[in-house]
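Beneath this line is the structure, given in structure tokens, with notes to follow.
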Amino acid sequence: MKIAVIGQSLFGQEVYCHLRKEGHKIVGVFTIPDKDGKADPLGLEAEKDGVPVFKFPRWRARGQALPDVVAKYQALGAELNVLPFCSQFIPMEVIDAPLHGSIIYHPSLLPRHRGASAINWTLIHGDKKGGFTIFWADEGLDTGDLLLQKECEVLPDDTVSTLYNRFLFPEGIKGMVEAVRLIAEGKAPRLRQPEEGATYEGIQKKETAKINWDQPAEAIHNWIRGNDKVPGAWTEACGQKLTFFNSTLNTSGLVPEGEDLLIPGARRPGVVTKAGLILFGNDDKMLLVKNMQLEDGKMIPASQFFKGAASSALELTEAELAIAEAVRSAWKRILPNVPDVEDSTDFFKSGAASVDVVRLVEEVKELCDGLELENEDVYMATMFGDFIQLLVRKLRGEDEEGECVIDYVEKAVNKLTVRMPHQLFIGGTFVDAEGSKTYDTINPTDGSVICQVSLAQVSDVDKAVAAAKDAFENGLWSKISARDRGRLLYRLADLMEEHQEELATIEALDAGAVYTLALKTHVGMSIQTFRYFAGWCDKIQGCTIPINQARPNRNLTLTKKEPVGVCGIVIPWNYPLMMLSWKTAACLAAGNTVVIKPAQVTPLTALKFAELTVKAGIPKGVVNILPGSGSLVGQRLSDHPDVRKIGFTGSTEVGKHIMKSCAISNVKKVSLELGGKSPLIIFADCDLNKAVQMGMSSVFFNKGENCIAAGRLFVENSIHDQFVQKVVEEVKKMKIGNPLDRDTNHGPQNHQAHLTKLLEYCQRGTKEGATLVYGGNQVPRPGFFFEPTVFTDVEDHMFIAKEESFGPIMIISRFADGDVDTVLSRANATEFGLASGVFTRDINKALYVSDKLEAGTVFVNTYNKTDVAAPFGGFKQSGFGKDLGEAALNEYLRIKTVTFEY
């Protein structure tokens with residue numbers, strides 16, 4: 001059909017895209033005018049496709065349709081109008097014009113909740129069922145005949161955002177497409193909309209969102225969540241307007257003990273507790289609010305309300321006033337050009353330098369009998385009045401932060417007592433996930449449950465990003481010198497080294513890593529990575545550039561390399577700690593803050609790493625760690641408007657999805673290390689014993705769970721049989737067993753789903769005609785063990801020749817003696833380009849082949865030889881961007897050009 005799409009937003013964009021995929025011709029898109037120079041996503045998408053886009057500011061004037069607007073619409077000859085989400089009033093001359101009329105999406109089960117705030121009112125009324133309606137447009141307000149409805153359960157703690165993201169958005173898109181399909185097939189119903197049960201509620205605005213306290217707790221909860229996030233339910237307390245978010249009725253185990261918050265009109269005062277703000281309805285039942293917004297716009301955890309209030313000026317005692325005057329005299333001595341030191345006097349703007357900071361700190365320590373004061377305290381409170389407040393709080397002991405409380409899971413294993421955090425790490429604190437949701441993390445050696453780990457939700461991502469953003473914009477991290485930042489990273493590396501046996505043991509428990517390999521590689525290279533990038537912190541430099549002078553004046557142009565801000569890092573399960581370190585070390589060295597999503601199946605070393613950041617003194621909010629699913633946590637990080645960079649290691653399919661999300665959300669910077677099918681070419685003139693040894697390592701290292709594993713070996717015909725024989729002999733010597741045993745060579749695969757995939761991979765290889773020389777089966781013992789496997793006679797067209805196994809499966813193909821160019825062509829005949837290798841004693845051949853191989857890394861007479869100083873990353877669909885080396889820093893920096901005229 002010929003369709004006109006009238007509307008806006010990402011929802012409109014997705015409906016438009018799906019209708020095009022269904023084969024419909026979109027004759028025109030009508031959307032809203034650009035706002036602040038930004039075009040609506042629907043219009044942007046249509047313009048890319050060459051579809052006519054119209055951005056009328058209005059369709060009517062004084063109740064009458066604008067003739068020129070209607071004429072432009074009618075010229076398109078649409079047979080159906082589709083209105084997925086439309087905020088403009090469309091005249092009936094347009095609604096009734098097409099052959100099939102117009103259909104509209106509405107996010108409620110009509111006739112209930114007609115009007116523009118339907119989702120809000122679904123929650124405010126406490127409806128147990130929600131959903132959407134697609135109806136035929138008429139002259140009324142959401143009163144047209146029904147075409148299609150779909151419903152869902154409304155969860156007790158749903159907000160507008162969660163209900164929309166979980167059901168109304170994804171299912172609504174499908175519903176619109178289904179409705180159009182029914183119309184095209186002549187099967188679309190027109191069911192008269194009943195008036196019984198019909199409701200109409202107005203648009204929710206801030207002024208109408210004030211909380212009525214004379215109602216039960218459940219009704220108050222529904223009011224808060226129904227206004228979360230927009231416009232925000234509010235009340236007046238402590239002389240200001242407070243807006244509440246993240247409400248729940250799940251208060252089991254909570255005791256209302258804390259500091260009372262008097263709320264006019266409420267039956268009982270609220271209570272600020274460690275869990276948040278407990279409120280009461282007129283039925284004396286409790287609800288819990290976890291976040292609130294102050295009148296100045298600052299968002300804080302509700303549990304911190306009175307701590308935030310404590311930041312107001314302290315009343316000083318006579319003794320404290322005397323100290324303040326003594327400190328004022330010290331400021332005068334250090335700042336001789338300032339006639340009077342007022343509360344508003346800024347230490348640095350008045351001419352102080354870094355050496356003066358040391359002098360001030362030492363003078364104050366002497367005045368205050370050795371009070372603990374650091375240089376960073378001066379940078380955090382640069383004005384005299386703020387400095388005195390900070391000093392007095394320290395003297396009173398009010399600034400001391402409580403020790404980070406960690407609920408460990410302890411296990412006696414590997415002759416150690418391993419202590420593992422298992423909660424989310426947000427803003428320097430280990431906390432439960434929203435709704436206290438958890439999941440089991442499994443030991444692949446025997447399939448047993450190691451412990452329950454907190455399962456992050458979308459709201460947890462928002463909290464973590466907010467903590468990272470606050471740490472970047474307002475915290476100590478961006479105020480300390482680059483050299484001090486490096487010092488903290490060195491300290492973190494030292495702590496990782498102190499805990500290396502514990503970290504390696506956790507890798508063995510959670511990921512199945514062979515302990516001896518984990519010590520050297522998983523943990524050892526992680527330590528090296530942090531030390532390497534710690535050294536870079538104070539060497540990140542811009543440059544000066546000669547430009548044409550604006551004569552008779554002169555110009556100076558310089559560049560600065562700056563951190564990008566909040567970064568999201570999504571890491572895989574094969575090297576949980578090492579992949580975290582490769583990205584996070586560069587990210588932090590550049591001065592960013594970070595939210596890390598470890599793989600859901602291997603979260604424990606990341607959470608232990610979080611504990612070590614606390615011990616190292618990394619400021620709160622700089623590092624945040626969220627175990628959880630990629631579809632929730634990873635997706636939200638990709639979509640979040642405050643995240644400025646995503647670093648991802650994983651599959652090509654997911655990498656493409658992340659790229660799209662980063663582009664649509666806010667054009668995030670992104671670096672991707674994706675799938676591989678790395679070729680290893682072994683020529684007859686090689687050192688055969690070394691080629692066998694390194695060929696084994698190229699495939700079986702880390703159980704084959706290795707992004708740069710040699711996915712296919714090309715062996716020159718004259719040595720092929722001998723090579724295969726030697727490989728099989730060596731494979732038979734490998735000991736499969738408990739990864740904690742010191743003589744184990746080959747541990748379990750990471751998780752059950754991966755084991756199943758490897759079995760299916762081998763079955764397909766055999767079915768297509770490859771020769772299974774060795775292995776191919778699950779090891780008959782508890783856990784997820786898979787035999788090292790060797791295939792020969794693998795032809796180029798076979799599935800196993802083209803697709804990555806990501807397991808201990810050696811794929812061997814012959815090539816004709818001396819036919820270098822043909823084997824190169826076969827090696828490059830893949831969309832992947834992560835790594836590659838060649839074994840030959842001929843230096844000319846080695847150089848020629850390394851030039852021609854299309855991969856980000858080429859190994860010559862070695863394999864798996866990565867180093868923290870050497871950049872690592874792929875070509876083609878193996879991704880872009882680099883980890884490691886100086887090049888990795890550029891992934892987390894932006895360059896600013898500054899030009900002066902004088």
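Every residue, even glycine, has its Cβ placed from backbone N, Cα and C.
Per TrEMBL, these features apply:
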- GLN88, PHE89, ILE90, ASP142: (6R)-10-formyltetrahydrofolate binding site (BINDING)
- HIS106: active site, proton donor (ACT_SITE)
- ASP142: site 'Essential for catalytic activity' (SITE)
- 318-395: domain 'Carrier' (DOMAIN)
- 571-573, 597-600, 630-635, 650-651, LYS757, 804-806: NADP(+) binding site (BINDING)
- GLU673: active site (ACT_SITE)
- GLU673: active site, proton acceptor (ACT_SITE)
- CYS707: active site, proton donor (ACT_SITE)
Candidates LYS597, GLN600, GLN635, PHE806 (binding-site residues) with Cα within 10 Å of GLN88 ((6R)-10-formyltetrahydrofolate binding site): none
Entries of PHE89, ILE90, HIS106, ASP142, CYS707 which, being recorded positions, have CA atoms within 10 angstroms of PHE806 (NADP(+) binding site): CYS707
For PHE89 ((6R)-10-formyltetrahydrofolate binding site), the number of other Cβ atoms found within 10 Å of its own Cβ: 8
In the chain carrying ASP142 ((6R)-10-formyltetrahydrofolate binding site), residues 6 or more apart in sequence that have Cβ under 8 angstroms from it: ILE104, HIS106, LEU110, PRO111, ARG114, GLY115, PHE135, TYR200
Same chain, 6+ residues apart, C-beta under 8 Å of the C-beta of CYS707 (active site, proton donor), given in sequence order: PRO572, ASN574, THR649, GLU673, GLY675, GLY676, LEU834, ALA835
Integer Å distance between the CA atoms belonging to GLN635 (NADP(+) binding site) and PHE89 ((6R)-10-formyltetrahydrofolate binding site): 34
Tally of residues which DSSP labels helix, strand or coil - the domain 'Carrier' (318-395): 49 helix, 2 strand, 27 coil
Spatial neighbours of ILE571 (NADP(+) binding site) that are distant in sequence (at least 6 apart) but have CB under 8 A: MET579, LEU580, LYS583, ILE596, LYS597, PRO598, ALA599, ALA606, THR649
PLDDT averaged over every residue in the domain 'Carrier' (318-395): 84
8 Å Cβ shell about GLN88, PHE89, ILE90, ASP142 centroid, (6R)-10-formyltetrahydrofolate site members excluded: LEU83, CYS86, SER87
Which of HIS106, LYS597, LYS757, the listed recorded positions, has fewest other Cβ atoms within 10 Å: LYS757
Between GLN600 (NADP(+) binding site) and ILE90 ((6R)-10-formyltetrahydrofolate binding site), the C-alpha gap once rounded to whole angstrom: 47
Around the Cβ of GLN635 (NADP(+) binding site), the count of other Cβ atoms that are within 10 Å: 19
Close in space, distant in sequence - ILE90 ((6R)-10-formyltetrahydrofolate binding site), Cβ under 8 Å, 6 or more apart: ILE6, TRP59, ASN81, LEU83, SER102, ALA137
CB contacts for LEU632 (NADP(+) binding site) [other CB atoms within 10 A, all chains]: 20
GLU673 (active site): tally of other CB atoms within 10 A of its CB: 28
Cα-Cα distance, maximum over GLN88, PHE89, ILE90, ASP142, record's (6R)-10-formyltetrahydrofolate binders, Å: 14
Fewest-neighbour residue among binding-site residues, criterion Cβ within 10 Å, set GLN88, GLN600: GLN88
